[in-house]
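Under the heading transmembrane segment, Swiss-Prot lists 31-51, 89-109, 133-153, 205-225, 235-255.
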Amino acid sequence: MATGGEMTSAEIIHHHMVNLTVGEGFWALHLDTLFFSILLGCSFCWLFYSIGKKAESGVPGFAQNVAEMVFDFIDNTVKGFFGESRSDIGSLALTLFCWIFFWNVMDLIPVDLLPSMAKLIGIPYLKIVPSTDPNATFALSISVVLITLVYTFRNNHGLLGMLRAMGTHPFESSGLIGKILLFPANFALRIVEDMAKIVSLSLRLFGNLFAGEIVFILITFLPFWSQWVPGGAWAIFHILVVTLQAYVFMILTIVYMSMVEKH
């Protein structure tokens, strides 16, 4: 601990990594993650609703152009996997891409700005980037896998069809006895596959944004006059990371949904 009440570099980093939490253990709630996730989700819905309400058939404005570009890009991506437009898959992909993009953009706000303002009103900890909280990224990836299971249930007309679909791949047999014998191995591999999807989706998003936030914090330790060049360069590079991670999460979700359709 530094003398005079000053925090060491390690203590500053630790302070920025702590969420505003209520409760303990499994029942702990990260209030800052919940608040900013809901706020950004509502902002995304309001923004697209406003653009749609003001949409014109003539010459579109800048906001309408951007919204149409995003919509057409996602619709064409879905068509590439499914061969046709799918409003259900397209809506899911659009929601995930925009929501995660809004999450990630928060990482471009100066790292000390909002936490310092929150400290003035008695809030000791505040993390404003939901993507840097593994609880948020795991919740999102678990939701995606649960949606794929719901589609598996629907496409196979019930529980028995769902179990048959999950228990007949990747090892196949034409005979009934062979299918029964291979069912436990196939089903176990499907469970492992779904768990791997959850871990890979969540840790990829969390790891990239968490590392980016750490770099921003480390840059603030430099003398004030020397922060501009590395900070600006990293911010420009991070814009690519912010967009790319939202795209990767979206495209993998579409891939998983297309795999369900094919089976």
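Glycine is no exception: its Cβ is also placed from the backbone N, Cα and C atoms.
The structure displayed is predicted, hence computed values, not measured ones.
Highest Cβ pair count under 8 Å relative to the transmembrane segment (235-255), across stretches 31-51, 89-109, 133-153, 205-225: 89-109.
Between the transmembrane segment (205-225) and the transmembrane segment (89-109), three or more CB pairs separated by 6 or more residues in sequence fall under 8 Å, so the two stretches touch.
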